[in-house]
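Contents: one structure, followed by commentary.
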Amino acid sequence: MLLIAASRGKLDLLKEVGRELDHGRGLKRTIADIKNPFGGGVIHIAASYGKIDVCKYLIEEVKVNVDDKDDDGQTPFYYASMEGHMLTAMYLLEHGADPATSNDIGFTPLHHAAEKGNAELVHVLLSKGINVDAQSDNATPLLMAASTGKHDIVKILLDHHADPNLSVSHLGTPLVTAVTFKSLQCTKLLIQAGADLNAKTQQGEMPLGVAALKGVTEIIKCLLEAGADPNMEDIIVLNRCKRFSEAKSKGEDAFRTKDYFLAIAWYSEANALQPWEATILSNLSLCYARLKIASEALSNAKACIRFRPNWMKGYYRAGVAYNLLKEFDLAVDAFAESLKLEPENSELQSAFQLSVMSEISIEDRILEAAYFGDLTTLIGETPLSFAIKQDQLGAVTYLPENGANPSIPNADADGSTPLQISVAAGLNHTVQLLLSKGAYLHAQNRSGSAILLAACSRDAELVQILLDHNADPNFFAAHLCTSLAASITTGSVECAKLLIQAGADPNGISLESTPLRYATHRGESEIIKYLLEAGDDPNRVDWNGEKPIEISAFQGHLQDVKTLFPVTSPIPACSEWSVDGIVRYVRSRKAFQKRKRKAKEVLLETKLKAEDSFRSKEYDMGAGLMDDQDATLLSKRSECWALMGKAGPALADAKSCITLRPDWSEAYYRKGVALNLGKEYAEAADAFLKSLKLNPDNIELRNVFRETVEARVNSIHLQREQDDDANKRRFFSLSRV
C-alpha cells in the first residue's frame with residue numbers, strides 16, 4: 001500500500017499507512033524495508049512517477065537515503081531522469097543526489113537522457129561535471145544518441161568534447177553506429193568532429209562497408225566526399241556477402257527437391273544477412289505458399305513489394321497469399337497491379353481470372369444454395385449467417401421461410417448460430433425476427449450464449465428482447481461467467497437490474513465469485529445497493545476468505561464500505577468494528593499476510609485437485625478447477641478441453657496462456673492443438689511454427705507441424721474438388737436459365 005500511495009502521490013495516505021506499519025522500529029526503518037520485486041523502495045517509486053511532494057517528505061522529514069540503490073544499482077535520481085521528470089530530478093540533485101551514479105552495467109542518467117533526446121537534462125548533467133564519455137558495458141552517451149538518430153544530442157555532446165572515435169564492445173565507434181541506423185545528420189556531425197572514416201569494429205566492420213550493406217546512398221556519398229577509402233577491405237561485409245550467397249544457393253537446392261521447410265531455413269538466414277533483397281523475400285513467400293502458411297507468405301510478399309515496388313513478382317506473391325486467405329478482392333487487386341507491370345504475362349492473366357471467379361457475391365452464393373435445396377450449410381457458414389453478417393434483412397426474412405434453420409451453428413471453430421451473430425453485432429431487429437422463427441436461445445459457442453453476449457454489450461434493449469422470449473438469466477457455461485456477472489463487470493446498471501428482475505440469482509457463483517464480489521471490486525455503488533436489496537448475502541466470503549466489505553475497503557471505495565457496514569457481521573480479526581477501523585484493518589500487515597497465505601493455500605489446493613482429475617481422466621472436472629492467472633494450469637486446462645473435443649474453450653485457454661507467457665513454447669503448442677481440433681489448419685500451422693521457433697530441438701513439434709501442414713494441404717484439395725463440383729452445378733444452372 002505504501003508503494004501504491006507513493007506512485008499516486010497520496011501523501012496523507014502514505015503517512016497514515018507508514019504509522020500503521022511502524023511497530024516501534026522507527027518510521028525511517030519501516031519505510032526503508034518496503035520494496036517492490038526489483039528492490040525499488042518507496043522513494044524510487046515516487047521519483048519514477050515524478051511525485052515531488054512525496055520525495056520531499058521522505059528526504060526532509062523521514063531522512064531516507066537519497067542515493068539508495070535498487071537490485072540493479074539504480075538510485076531515485078536515476079529513476080526520475082530515466083522517466084524525464086525534470087522537477088523531481090532537479091530537487092533530488094539539490095538535496096545531494098549523485099548525478100554520476102551508474103547502474104550495475106555502467107549506464108548513467110546521461111546515457112538515458114542521450115538515448116531519449118532529453119536535451120534539457122543532458123545540459124544539466126554536463127553542467128554538473130559529468131564525464132561526457134562515461135562508458136557502460138555496451139555504450140557511451142554519444143553512441144546512444146547516434147543509435148537513435150538524436151542529432152541534436154550528438155551536437156551537444158560533441159560541443160562538450162565527446163570523443164567521436166571512442167569504441168565500445170561490438171558496436172564500434174559512434175560513426176559506425178550512426179551509419180548502421182541510417183542517420184545522415186548524425187553521420188555528418190561526427191565526420192565534422194573528426195571521426196575516423198576507416199575505423200573498424202571488433203568484427204572488421206567499417207562505416208563505408210556498412211553503408212553499402214544498408215544501401216544508404218546519401219551516406220555512402222557523404223563518406224566518400226569526406227575521404228573514406230573505397231578500396232579498404234571490409235572483412236565483415238565480405239564475410240556477409242559470402243554467407244549470403246551460400247545460404248541463397250542452399251535454399252535454391254532445397255526448393256528444387258521440394259523440401260520447403262529446409263528452403264525456408266536457408267532463405268531466412270539469407271534474409272537476415274541482406275533483409276532488403278527482394279528476390280529472397282519472394283522465394284520465402286513462395287515456400288510458405290507451397291506449405292499453405294498464408295500469413296507468412298503474405299508478410300514476405302509485402303516486404304518484397306516494399307523493397308522493390310516496381311517488380312511484378314512481389315504483387316504476384318501477394319495475390320497468391322490473399323487467395324490462400326480467401327481474401328479474393330485483395331487478391332484481384334494484387335494480381336491487377338502485377339499485370340500492369342507485365343501485361344503480356346499469361347500466368348498472371350490466368351491467376352487474375354481465377355481470383356475474379358472466386359470473388360462471388362453473397363447473393364450469388366445464397367441463391368445457388370437455394371437453387372440446389374441446400375439451405376443448411378455452405379462451406380463452413382450457413383447462408384443465413386452470411387446474410388446476417390451483410391445485414392441483408394430481406395434474405396434473413398426469406399431464408400427461414402424456405403427451409404433455413406435459424407438454430408444451426410456455423411461449421412467453423414467458433415460455431416456461432418445466426419442468433420449469436422445477430423446479438424454480437426447489435427442487430428436488434430434481426431434478433432427479434434430470428435426469435436419469431438424459433439431460434440434456440442441457449443446455444444453456446446466459445447463466447448457464451450445469446451443472453452451473455454447481450455449483457456457484455458451493455459445493450460439493455462437487447463437484454464430485454466431476449467428475456468421477453470424466456471431467456472434463462474441464470475444459464476451459463478462452466479468456463480464463463482453468468483450474464484449478471486458480465487453486466488456488472490461492464491458497468492451496466494440497467495442490464496443488471498433487468499436480469500435481477502427476471503430472476504437472476506444475486507448469490508449465484510460463476511468463476512468462483514458472486515455478483516457482489518464483482519461489484520465491490522469495480523466500485524459499482526449503485527449495483528451494490530441493488531444487489532443488497534435483491535438479497536445478495538454481504539457476509540458470504542470468497543475463495544480468499546474475504547467479505548465484500550473487505551474488498552471495498554482494500555480497493556479504497558469508502559462509500560461502498562459505508563453501504564455494506566450496517567448489513568455486515570463483525571470480522572473477528574478486526575479489533576475496531578467501524579468504517580475507519582475496517583479500512584485500517586485491511587491495510588494492515590496482518591491482513592496482508594492473511595491474504596497472501598490464503599492465496600497460496602487455494603492455488604496449491606486447486607493445482608492438486610486439477611492434477612488428480614487429469615490423472616483420472618476426469619477432464620471436465622479438471623478444467624473447471626484451474627486458475628485463470630496461472631499459465632501452467634491454463635495450458636493443462638486447454639489440454640483437458642481438447643481431450644473432451646471442445647475446440648473453443650481449448651483455444652480460449654491457450655490464448656490466455658500466451659498472454660501470460662508469450663515466450664513459452666507449450667502455450668503455442670496448445671493453441672495449435674485447439675486450432676487443429678477446429679480444422680483451422682492454416683492457423684494451427686502458424687501456432688506450431690511459433691512453438692517450434694521457441695523450442696527448435698523438439699522432434700514432436702517438428703512432426704506435428706508437418707502433419708498439420710499435410711492436413712491443410714489435404715483440406716485445400718478437398719475444398720477445390722467441392723468448388724469444382726459447385727462450379728459445374730453453377731454452369732448447368734445458368735445454362736438452364
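Using N, Cα and C of the backbone, Cβ positions are placed for all residues, glycine too.
Just so you know, TrEMBL annotations never went through curation; they're auto-generated.
Per TrEMBL, repeat 'ANK' is recorded for 72-104, 105-137, 137-169, 170-202, 203-235, 379-411, 414-446, 511-543. According to TrEMBL, the repeat 'TPR' annotation covers 312-345, 665-698.
Across the repeat 'TPR' (665-698), DSSP assigns 27 helix, 0 strand, 7 coil. Predicted-model confidence for the repeat 'ANK' (170-202) is 86, expressed as mean pLDDT. Within its own chain, the repeat 'ANK' (72-104) has Cβ neighbours under 8 Å at 38-40, 43-44, 46-52, 55-56, 59-60, 66, 112-113, 116, 118, 120-121, 124-125, 128, 130-131, 134, 136, counting only residues six or more beyond its boundaries.
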